[in-house]
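Engineer: What Swiss-Prot records for this protein is below:
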- HIS8: active site, tele-phosphohistidine intermediate (ACT_SITE)
- GLU86: active site, proton donor/acceptor (ACT_SITE)
- 7-14, 20-21, ARG59, 86-89, LYS97, 113-114, 182-183: substrate binding site (BINDING)
- HIS181: site 'Transition state stabilizer' (SITE)
Amino acid sequence: MKLVLIRHGQSEWNKLNLFTGWHDVDLSEEGVVEAMTAGKRIKEAGLEFDVAFTSVLTRAIKTLNYVLEESDQMWVPVHKSWRLNERHYGALQGLNKQETAEKYGADQVQKWRRSYDTLPPLLEENDERQAKNDRRYQLLDTHAIPSGENLKVTLERVIPYWMDTIAPEIKAGRRVVIAAHGNSLRALVKFLEGISDDEIMELEIPTGVPLVYELNDDLKPVNKYYLDK
């Protein structure tokens, strides 16, 4: 059984080196090229899908659309869930990463970005950036909507979705592709590979490059490789 993971192509805020999180930004021109290239590589590798999953953020949705178009699989059913969103960067969203490091210190910013259980500064309740003000989240329990997340909290929303929704599709023999985000995918990879809290700090997933897992019957990885050529 194979599972394909794809981090969205470069976004406009990736290009500007800004903390993005749940803020909904589009792909950059380079990101579009990355997504299209990913689709072409998937087609060349002969990978076919029966069902696709993505977040409710434009950059991941568009990446998946380009991948399916370039691999001639636009008809594949797509399921969107906020549980596959990027981690919520709280009050850091919209800030420049370099300027934030200069203000708070590089070590502190590195902890906010890469530590498993260090929370970023949270959004204030009345902050206009609160996701509860976004129509796509209006059906959610307000208690489920974060004001900021670390990787641990992100994992706690990603893995139940994996267990309840995605894994049963794979076990039923359906071929799955997931287009999501750096940290929601890091959370899933941590779970699949049993990566420690410390080791996960070093894991970086490149934008727009398909990551292929070969899984056993227990959905444990027996092999993995990037389609980067």
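Using the three backbone atoms N, Cα and C, a Cβ is placed for every residue, glycine included.
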Engineer: Identify, in sequence order, the residues in the chain of ARG87 (substrate binding site) that are 6 or more apart from it along the sequence and have a CB within less than 8 Å of its CB; answer 'none' if there are none.
Structural biologist: GLY21, GLU149, ASN150, LEU151, VAL153, THR154, HIS181, ASN183, SER184, ALA187
Engineer: Would you mind listing, in sequence order, the residues at least six apart from the residue listed as 'active site, proton donor/acceptor' in the same chain with a Cβ closer than 8 Å to its Cβ?
Structural biologist: THR20, GLY21, TRP22, SER55, LEU57, ALA180, HIS181, GLY182, ASN183, SER184
Engineer: Among the binding-site residues GLY21, GLY182, point out the residue whose Cβ has the most other Cβ atoms within 10 Å, with all shown protein chains included in the count.
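Structural biologist: Answer by Cβ density within 10 Å: GLY21.
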Engineer: Restricting to the same chain and to sequence separations of six or more, state which residues have a Cβ under 8 Å from that of GLN10 (substrate binding site).
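Structural biologist: In sequence order, the residues whose Cβ lies under 8 Å from that of GLN10 (substrate binding site) (at least 6 apart) are LEU27, SER28, GLU30, GLY31, GLU34, THR207, GLY208.
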Engineer: Write out the long-range same-chain contacts of LYS97 (substrate binding site), meaning residues 6 or more apart in sequence whose Cβ is under 8 Å from its Cβ.
Structural biologist: ASN17, LEU18, PHE19, VAL109, ARG113
Engineer: Note down the number of other Cβ atoms within 10 Å of the Cβ of TRP13 (substrate binding site), including every protein chain shown.
Structural biologist: 19
Engineer: With Cβ-Cβ distance below 8 Å and at least 6 positions apart along the chain, what are the contacts of the residue listed as 'active site, tele-phosphohistidine intermediate'? List them in sequence order.
Structural biologist: LEU27, GLY31, ALA35, LEU57, ARG59, ALA60, LYS62, THR63, ALA179, ALA180, HIS181, THR207, GLY208
Engineer: Tally every other Cβ atom lying within 10 Å of the Cβ atom of HIS181 (site 'Transition state stabilizer').
Structural biologist: 28
